Amino acid sequence: MSLNSYEECKITSDWLKAHTDVRPVLAIVCGSGLGGLAKTIKDPVILKYQDIPNFPQSTVHGHAGQLVFGTLQGKQCVCMQGRFHLYEGYPVQKITLPIRVFKLMGVQTVILTNAAGGLNPGYRVGDVMVIRDHINMPGMAGNNPLAGLNDERFGVRFPCMSDAYDRKLREMAHEVGEELGFSDFLKEGVYVVLGGPSFETIAECRMLHSMGADAVGMSTGHEVIVARHCGMRCFALSLISNQSVMDYTSKEKANHEEVLETGKERAAQMEQLVSTIVARME
Ligand code: GMP
């Protein structure tokens, strides 16, 4: 059975259906330090990754490693408290297995959050960027989660990615952001995916910004590709947890502690934004 195959995903989805009555229409993937959203889920059923067949394990500090099923704003949902990354050593097909499992469970919309470095000089730490589009560097180098035999039960061989981040949900995010008084820190831009785990050199940050990226991280793009392939709607937010170093005179150094700390400070507002969007979503 190949990684991420229909059969493998079905075993996992059948197991999950047997362990919860929740039939999620929405999946939320929580980024580094942003798992707090799961606490707002009503009547939670918590399933640990270690108990779920075929699931990888979370190895990164700040990722709890569990699925939380329940209701958010009256909608049945599943929340991934902890996602998987290339730098943990997982093949990209394994990283994205949960997305296909959610599809088989009936999920139609995926909301993803992440922590990211701000490349755009106009961005400040604590800004929240609505992802308009991505640049998938591992994918360009051949490490795309859809590489391998294509299973038409999920989607077509060559899926379109020019509409990957749902326009209506992006517009709604700005409307909601304005109502909540978040306009000052709510941005919209392009997220670039790297493999990690080393943070970027100064030359890399300059290159990434010059090619059109506003924020840089090590996640999200893989999951969005797989979600779009099987026809799910995607919406994603980056919390700018640190400013990318673009200047050789700077004394700043990217570090994971700062990433988690920023998450704590802005998390409540991000949760409010996401849950208001969920309330209004069709
Ligand atoms: O702190 C590292 C974690 O947060 C990784 O999982 C990254 O996805 C994300 N992250 C936060 N800030 C940055 C950054 O400046 N560069 C990159 N590549 N990833 C970041």
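Yeah, the Cβs are placed from backbone N, Cα and C, and that goes for glycine too.
Quantities reported herein were computed from a predicted structural model and do not represent experimental measurements.
TrEMBL annotations:
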DOMAIN    26-278  domain 'Nucleoside phosphorylase'
BINDING   Ser32, His63, Arg83, Phe84, His85, Ala115, Ser219  phosphate binding site
BINDING   Glu200, Asn242  purine D-ribonucleoside binding site
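Projection of TrEMBL feature records onto the structure.
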residue	record	contacts (Cβ under 8 Å, 6+ apart)
Ser32	phosphate binding site	Val60, Gly62, His63, Asn114, Ala115, Ser241, His256, Val259, Leu260, Gly263
Arg83	phosphate binding site	Val29, Cys30, Gly31, Ser58, His63, Ile95, Pro98, Ser219, Glu223
Phe84	phosphate binding site	Pro56, Ser58, Tyr90, Lys94, Ile95, Pro98
His85	phosphate binding site	Val60, Ile95, Gly196, Pro197, Met218, Ser219
Glu200	purine D-ribonucleoside binding site	Gly117, Leu194, Leu208, Val216, Ser244, Val245, Ala254
Asn242	purine D-ribonucleoside binding site	Gly117, Gly118, Val125, Glu252, Ala254, Asn255, Glu258, Val259, Thr262
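Within the set Ser32, His63, Arg83, Phe84, His85, Ala115, Ser219 that the record links to phosphate, no two Cα atoms are more than 14 Å apart, and one pair reaches that distance.
The 6 Å Cβ screen around ligand 1 retains Ser32 from the binding-site residues Ser32, His63, Arg83, Phe84, ordered by sequence position. Counted within 10 Å of its Cβ, the other Cβ atoms near Ser219 (phosphate binding site) come to 27, all protein chains included. In sequence order, Gly31, Val60, Gly62, Gly82, Asn114, Met218 are the residues of the same chain, not among Ser32, His63, Arg83, Phe84, His85, Ala115, Ser219, whose CB sits within 8 A of the CB centroid for the phosphate site.
Cβ neighbour count for His63 (phosphate binding site) (all protein chains, 10 Å cutoff from its Cβ): 23.
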